Amino acid sequence: MYCFVTYSKGKTPRRPGHKKASTIDKDPVGVYCRIRPLGTEDEECCVEMISSTTIQLHAPDGLKANRNGEYKETQYSFKKVFGINTTQIELFEDVAKPLVEDLIHCKNGLLFTYGVTGSGKTYTMTGSPGEGGLLPRSLDMLFNSIGPFQAKRFVFKPDDKNGMEIQNQVDALLERQKRDSQQTVPKTPSSKQRADPEIADMISSEASCKSENVDEDCCYSVFVSYIEVYNNYIYDLLEGAPFDPIRPKPPQSKILREDQNHTMYVAGCTEVEVKSTEEAFEVFWKGQKKRRIANTQLNRESSRSHSVFTVKLAQAPLDADGDHILQDKYQVNVSQLCLVDLAGSERTNRTRAEGSRLREAGNINQSLMTLRTCIEVLRENQMCGTNKMVPYRDSKVTHLFKNYFDGEGKVRMIVCVNPKADDYDETMLVMRFAEMTQEVEVARPVDRPICGLTPGRRYRNQAFRDELTRRLEERGGPSNADDPVLLAQLIESLPALPPSELVDAADDQTLPCLIEVLERRHHIRQMMTEQFNKTANTLKSMLQQLDSQLSAKETFLHDQRSKLGEKDKIICSQTSEIERLEKKSKTLEYKIDILQKTTEMYEQDKRSLQHELETREQRLQRELTDRRRMEQCMQGMVTDAKLKWEKECERRVNAKQLEMQNKLWVKDEKLKQLKAIVTESKKPERPSRERDRNIAQKRSASPPPRSMALPVHPMHRRSHSAGGEKWVDHKPASNLDLDTVMQPIIPNAIKVSTPNEKALSKCHKYVLRHQELASDGEIETKLIKGDVFKTRGGGQAVQFTDIETLKQECPTAPRKRSTCVDNLEPWGNKAYQIGVLCSTVCHLTILEVKKSLGSTHEHISHVIGNTLTDHFLCLNLSKMNSKKVRSAGLSMFLTVFSQFYTSSVVITEE
Ligand code: ADP
Ligand code: MG
């Protein structure tokens, strides 16, 4: 009922087979950095550990000066950095322990130390007494884990082609006996040289560790080999022939071969089967000693050789009974862990090697160069998808490592750093190489296929044996069957034999009695046999039952285990899922953080914008109220203007009405006069006709200007013109009082608002001040003049002789009077021209202004006084450079002027 799953043949190291590249999981080469303490406290330190993964290199002071003070600090990151206080055990836990775990689980591993000489590579790998390095600790862990499950010596037997064979117990026993007989001197601890350190000196028993999940249904065997690569030659450090110090034979170098799985191995290399840590370490130390002697004898530079200590673990499953190893070569699994202490990485000149040593050193250097090149090409191939050939074959070391980089396994490198300033340049090169190495990926070793046999066979077998012994002991099993006490007790339980002595031949009682007793005994014995058989049968059936129960339990257990495996897988996947989700949540948290910050920023913006909005609204409100006030103000002004204009209109309407009334009145008068003439002509008085005709003639010529009729003459003083005549000054009540300075002033006039006979009878002249609206909207005052004469009827009549128009004009309409210009020649260019215009009758133009003349009040009076005789008024407006001042001057001028002349004044600006 047991089945076998065929799995691939054990090989070292295993190749990934023909898997599709895409399905292969890869891990980067794990690069760790260890900084050793400075030799002396006062040395300059150029390495600083700045985090658990990063170190910083400072250029030493001297170097800084050499490089024109250019100060350079470089940082390098690794999987982990171990500071100066790191203990060997801490380093082991982090770096080597997982590799040993892998080794136990059929996975290959490569661990190497890299760095300049004196940086602590050997210290890290081997350690010193009390401070065991990774190698003794790895061995210790391995044997602690597989200790009880080790196969007997020679059960596993390496073939010559890097494979592993399995021998049956008899062959193994024979071989053991053969070896024992060859060892003439028995090896006892006392016979050993105590100079060699033992494992107990390296690791304290408390520090030992163990793998927890070792497959207990397997048998294990450990083989170690130790080689040295010097000058690109491989030497076996465990080779049997002892080194002869008297006639040193040059050691024979070994060659590399490829096995049927294309794995590289050192052909003919000694592989020693070891059963304990002590033994393994002893073997290692033997090799180490041989190496040291060879180096001294052959004058080698020890720091220039690479040493490779390989731990090979062979394992094969127990058979179905859990009793013996399965005799099947193809069930053997071999894994190996390579512990490599590389040569110092420094350039040759540092060691001051000479001659052949230099050449050798150069070769060693070459192998490290090749290692660097291989790593570079690998990295390039992996990163750029190129398929360049990796030059593994260029050196022995890289050729040996080929399968680790090409195949599968775990590769780890410890970069050792001595922080002293002398090593700065070399350390920098080491760091660069190390950082680059981290980018190379190696296929992750796959899990070994699960063996189809029931797990827990070993313990079941053990438990069965123990139980059997116990029960046998309980029942007084075969071991004590011959016990005389038991036998005596058994015999005693049978019916006692009667005395069987025959004294008489005729005794016929003794024999029958004996026969009876014997028959009874025989019967009892038969019964006992039956009972025994029955009990045996019951036991057998019980055992069978137990067995079936056990197998049922086993299958159940198997099921449970497989379920457990599945559950484990689920847990694994869920753990990774949780990790992923945690990562995601972290990113999301980060995003939320950013968003919150952005929101805060926006809110701040919003607040400031709102604030601005409020300010603007307030301003708007203010402007609105201002506008409203303005509107009200404007409305007030509009109503004012409206009122004013209404008044004005009313005034103009009144004026028009007045004019019409006057016209009507004039027409009435004319009609009346006509009527009077008509009535008069009917009378026979002829002489008056003559005068009437004259008048008619004059009137027909009207309105030509008549100089004698002028109330104002430009060339004469008013006092003169107003001499002897007396005037009726008719000013209708409807007339508006115009504020013009030029008002006709008539002395000795009788002012009336309506003409009456009484006033007319006292005067010879009549004048009517008639106002009307001119076409330009200005009010025009017309002085309608006439002569008063007595009518025949004893009444008064007025004969109109002249109409004089007074009008005030706006100064914006430019008007130039050439006559005046000529007269004003002495003053040169005029800035202003002031004219007093008296319609058709009176025409006075005066004028004025030159900028060069003075402008004070006194000056004006003075000028007026001087020029009036000439009928020219000149106004001195010099320095009146503002319009306001000039107009003030003008108004002053006109006030004075109007005392002498009554007329409309036109002021025009050129
Ligand atoms: P390498 O093998 O790189 O040439 P070693 O391992 O021989 O260097 O180290 C040189 C010296 O430095 C040895 O004496 C060693 O004890 C000491 N040393 C190296 N690393 C450490 C360390 N981490 N702690 C204490 N001493 C160290
Ligand atoms: Mg060393």
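Each Cβ is built from the backbone N, Cα and C atoms, and glycine gets one as well.
Here TrEMBL flags GLY115, VAL116, THR117, GLY118, SER119, GLY120, LYS121, THR122 as ATP binding site. Taken from TrEMBL, the feature coiled coil covers 578-619. As annotated by TrEMBL, compositional bias 'Polar residues' applies to 182-192. As annotated by TrEMBL, compositional bias 'Basic and acidic residues' applies to 680-695. According to TrEMBL, the feature domain 'Kinesin motor' maps to 28-440. Taken from TrEMBL, the feature region 'Disordered' covers 176-198, 677-729.
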Beyond GLY115, VAL116, THR117, GLY118, SER119, GLY120, LYS121, THR122, what residues of that chain have CB atoms within 8 A of the centre of the ATP site's CB atoms? ARG36, THR113, TYR123, SER303, GLY344, CYS416, ASN418
Among GLY115, THR117, GLY118, SER119, GLY120, the binding-site residues whose C-beta sits under 6 Å from ligand 2: none
Restricting to the domain 'Kinesin motor' (28-440), report the mean pLDDT as a whole number. 86
For the binding-site residues THR117, SER119, THR122, the largest set of other C-beta atoms within 10 Å encircles the C-beta of SER119
Indicate whether THR122 (ATP binding site) is helix, strand or coil by DSSP. helix
Entries of VAL116, THR117, GLY118, GLY120, THR122 (binding-site residues) sitting next to ligand 1, with Cβ under 6 Å as the cut-off: THR117, GLY118, GLY120, THR122
How many other Cβ atoms are found within 10 Å of the Cβ atom of LYS121 (ATP binding site), counting all protein chains shown? 28
Which same-chain residues, if any, lie at least 6 apart from GLY118 (ATP binding site) yet have Cβ under 8 Å of it: SER303, GLY344, ASN418, ASP423
How many other Cβ atoms sit within 10 Å of the Cβ of GLY115 (ATP binding site)? 28
Comparing the binding-site residues VAL116, GLY120, which residue's C-beta has the most other C-beta atoms within 10 angstroms in this structure? VAL116
